[in-house]
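Working notes, beginning with the structure itself.
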Amino acid sequence: MEETAITSPATITNTTKSPKKLTLIPLIFIIYFEVAGGPYGEELAVKAAGPLVAILGFLTFPFIWSVPEALITAELSTAFPGNGGFVIWAQRAFGPLWGSLMGTWKFLSVVINMASFPVLCIDYLQKLFPVFQSGWPHYVVTIASTLVLSFANFMGLTIFGYVAVFLAVVSLSPFMLMSLFAIPKLHPHRWLSLGQKGMKKDWNLFFNTLFWNLNFWDNVSTLAGEVDKPQRTFPLALLFSVIFICLSYVIPLFAVIGSVVVDQSEWENGFHAQAAEIIAGKWLKIWIEVGAVLSGIGMYEAQLSSSAFQVQGMAEIGILPKFCGVRSKWFNTPWVGILMSTSITIGVSYMNFTDIIASANVLYGLGMLLEFASFLWLRWKSPMMKRPYRVPLTLPSLVIMCLVPSGFLIFIMVIATKVVLLVSGLITVGGIGFFLFMKLCKTKNWVEFSIGEVVETEENGVEIKGSFMI
């Protein structure tokens, strides 16, 4: 067994204990909204590369990306069942600087990505209410909806877990109906179309759309401290979520491509609603547009929860000051994390949808490269560490499993625009500067930080018993 009396990240026992924990069903639907929220937003893949390539993308990408990420999340979340997730993994593998950088990349990627959900909702709403298409009404409704959703998140994670089940049922139901109505109208040869003549393939948009629709599996790891029996619950929840999410993308895509003939350029965000009207009538179009709003709410709430608990987890392991981990006395929610996340989301809400997902993808990609490296390093460095769930592969096989999605991440960065790469580089430099500043604050005792030591337990594998530095 490896030595355990060392300073290292994991979970710190919080002075305020949550009276309720997330169980399997709510966790499945929280993961669903962390990653997908339904087929809303997949339409751009068809516009960018044509029907056949879009179908192949959503059929193959889960095996290249989603499954490896879900497996890694299952193993490391059960080995380190505390809030902070991937930050804990990177710090345990490579030290405080890399844990802090991981926190910077992943936190900013999530809060930037959160800005896309109000935008996506408005893309659907403006088809019913054209006044929201541009100008001050567009910006006012974006900021107002962001503030309202953030306040709702304050009410608690356990409550949202059950709300997520309701939101998923209501937002997915119209797609199930649309797919059934489309069966008599299907022409399978349309699935084999390589695209409309004269339409240039936009690989940047295509891969960013795939990536945006199928990433953020590991976000749920920052909620590990809020999950009931995480060693058993996490692997099951991730397994069911992978199957559920992949089907929710592929089935509507087959249905619409096979039954509706339109110009390829019309495959914009919100096109599924128009297709529903063609297939079944205006009533289904309205239902999908309402479902888009509900889905956007679910995705925003899920990712706000993960970013807020990430902040709280980073405070628990001493990367951020202690006050960043403060919870509400009423709802036991990390209100400082919610406030920080919301403020940044509003700050980037002026960006258009494509710029939002491209910026989030590059930052997230940097974090994922570090996450793959942390996973492999911990397997090699600490092979005897207790892992309640263990990916059933040898180290060489795991290297291959991580190399394939890593190659895709590098490709995403290569095709990114110079502006996006410049912003990502500046954020990385800023993240290093932030780490050095926090280190100075600890040295000078300017603010209060948490400290702790790792111990092993039979139930959790690794945990921190913490104290506070005054």
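Even glycines carry a Cβ here, placed using N, Cα and C.
Remember, TrEMBL labels are computer predictions, not curated facts.
Annotated in TrEMBL:
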- 23-41: transmembrane segment (TRANSMEM)
- 48-67: transmembrane segment (TRANSMEM)
- 137-156: transmembrane segment (TRANSMEM)
- 162-184: transmembrane segment (TRANSMEM)
- 236-262: transmembrane segment (TRANSMEM)
- 330-350: transmembrane segment (TRANSMEM)
- 356-378: transmembrane segment (TRANSMEM)
- 390-413: transmembrane segment (TRANSMEM)
- 419-438: transmembrane segment (TRANSMEM)
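Among 23-41, 236-262, 330-350, 356-378, 419-438, 330-350 has the largest number of CB pairs under 8 A with the transmembrane segment (137-156).
Counting Cβ pairs under 8 Å to the transmembrane segment (162-184), the stretch among 236-262, 330-350, 390-413, 419-438 with the most such contacts is 236-262. Among residues of the same chain six or more beyond the transmembrane segment (356-378), those with a C-beta under 8 A of the stretch's C-beta atoms are 69, 72, 75-76, 79, 86, 89-90, 92-94, 98, 101-102, 105-106, 108-110, 112-113, 115-116, 119, 204, 208-209, 211-212, 215-216, 218, 348, 385, 395, 398-399, 402, 405-406, 409-410, 412-413, 416-417, 420-421, 423-424, 427-428.
Below 8 A, the CB atoms of the transmembrane segment (48-67) and the transmembrane segment (390-413) form 3+ pairs separated by six or more positions in the chain.
Residues 24, 27-28, 31-32, 35-36, 38-39, 42, 46, 51, 54-55, 58-59, 62, 66-67, 70-71, 73-74, 172, 175-176, 178-179, 182-183, 185-188, 190-191, 193, 213-214, 217, 220, 271-272, 274-275, 278-279 of the same chain lie 6 or more positions beyond the ends of the transmembrane segment (236-262) yet place their CB under 8 Å from a CB of it. Here the transmembrane segment (390-413) has long-range neighbours at 64-65, 68-69, 71-72, 74-75, 207-208, 211, 361-362, 365-366, 368-369, 372, 375-376, 379-380, 421, 424, meaning same-chain residues at least 6 beyond its ends whose C-beta is under 8 angstroms from one of its own.
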